[in-house]
């Protein structure tokens, strides 16, 4: 299982955005001719209006990769080592010489888990000989002493080296595996931990979190019998992800967050105007649904227009 997971992590090619995120030939030519950033952003906004894009840059601009010449989907980043845009990129791992992202993140987690168990197994089986190495009998007539089973001096140092290597790798991998388990529970990538994704109302590190159970299923899939096998079972296509809350009327964002702070824990966060269709997201179609509330019964004193808040029931 360790070798299988390691193999899949190395040789699974990182998933890239589909062609729908590429600019058309006319838009690409117009984008390259424009010199003003405002005009370029206007071209990108027109091209991205029908795409399931929820996040922007820190300045609120459309995330565009000049290297790959495509609009970046949510959670997608360009890897300078692989020279491609990787869907839900977590990091580029030199241990596997590959990008860890949407297509092989499950394999990477299983690789860490099985390598952790492998190191533990090696350390546990060598422990008894490691103890005997330090408890040798030094009496003159000790050739037949049970404590002196390790007769070969070179073998003694081999056992010593093997135990220390297995123990050190176990400790280091345990910390890395624990960290990634925490990331899965929070539905974050390593990049998003250091740089939170920016939605319309600003950065939100928990914008893609749906709860620990659903976050786990998003990576490992619905079928629990396949969770421990290095077989791809992750949900979605890597280009769009469900979010916790969608505010339809951006003009009423401030008013709604002031009048209804208790309706949702994410009421002070901004999300795109289009919720993901339930047919595209099994996480939303399973036991959660989008609910529309009617117009407010009381008009806002300032004469603000009526708005609809679409929230995700949990």
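Every residue gets a Cβ built from N, Cα and C, even glycine.
Just so you know, TrEMBL annotations are computer predictions that nobody has curated.
Among the features that TrEMBL reports, compositional bias 'Polar residues' is placed at 257-291.
As annotated by TrEMBL, domain 'Palmitoyltransferase DHHC' applies to 62-194. Remark: secondary structure over the domain 'Palmitoyltransferase DHHC' (62-194) totals 72 helix, 16 strand, 45 coil, with classes taken from DSSP.
Taken from TrEMBL, the feature region 'Disordered' applies to 257-304.
Per TrEMBL, the feature transmembrane segment maps to 107-131 (among others).
Counting same-chain residues at least six beyond the ends of the transmembrane segment (157-179), those with a Cβ under 8 angstroms from any Cβ of the stretch are 109, 112-113, 115-116, 119-120, 122-123, 126-127, 129-130, 133, 150. As annotated by TrEMBL, transmembrane segment applies to 157-179 (among others).
Per-residue confidence over the domain 'Palmitoyltransferase DHHC' (62-194) averages 88 (mean pLDDT, predicted model).
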